[in-house]
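Student: The transmembrane segment annotation in TrEMBL covers 27-52, 64-85, 91-111, 152-170, 176-194, 214-233.
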Amino acid sequence: MDVPHDGTGLSAELPEEYVEDITGSVLLLQVIGASSACAMIFGGVVPFIPQYYEIKRTNNSDGFSLYVCLALLVANILRILFWFGKRFETPLLIQSMIMIVTMMVMIRLCVEVRRNHVILKVRDRVLSANEDIMERKNMDLRFFWKWTDFQSYVDCTMLMAIVGSIVTYMLLDVPIFVEILGFSALLTEALLGVPQLQRNYISKSTEGMSVTMVLMWTAGDVFKTLYFLVHLYRHNVPAHHSSRSD
């Protein structure tokens, strides 16, 4: 004989104390899940706030590697494209959009600070080719992501997004391609600290790099892990209680 339910997935004949305990646990999990979701959305952005103000305060961006921004731009563009092939958690999608905007803000600041530090006028390096067809020094790979104007970074980011969108549209029905997109996004994001480590190693100094930013990177990853663990547990709890009440 089936046991009546009260609409929450819990048996109506269970002791009241047990039902209250389970309801309280579910509510706590919902609060933790919502908090973790917010932390995941903004946790990746917040670490760059102290770095932003450190650059503003010192008027020097030499201690921060712009390749960190490149890694995060690539990772989040790939993640958004991956979403079209395999829907994942909405907070992660929102985080990717906010992160792209944040990286553009960081790049703009760094470009402006570095231009202000130029004492002698040097030749601008931009993404587009020079008017002189015989001189395409601007397109030299040695100057990739070392441009002197913000618009070049915007153009490059848009180009990556457009090319990636076209390729994804054509191969969206290929499961292995979608999985490669997701793996590439995770791998690129996991390696975001490598450019900063390389810069610090070459300069033999961590001056200009915000220690708070590094600590917050770690905290953000902890919150992200907590979110997935709670989310996984929440999805398993209803099935567990349902089987006990049958």
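Every residue gets a Cβ built from N, Cα and C, even glycine.
Caution: TrEMBL annotation is automatic and unverified by curators.
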Student: Short question: most Cβ pairs under 8 Å with the transmembrane segment (64-85), which of 91-111, 152-170, 176-194?
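Tutor: Per the Cβ count, the answer is 176-194.
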Student: What residues in the same chain, six or more past the boundaries of the transmembrane segment (176-194), come closer than 8 Å to it by Cβ-Cβ distance?
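Tutor: For the transmembrane segment (176-194), the far contacts come to 68, 71-72, 74-76, 78-79, 81-82, 85-86, 168, 214, 217.
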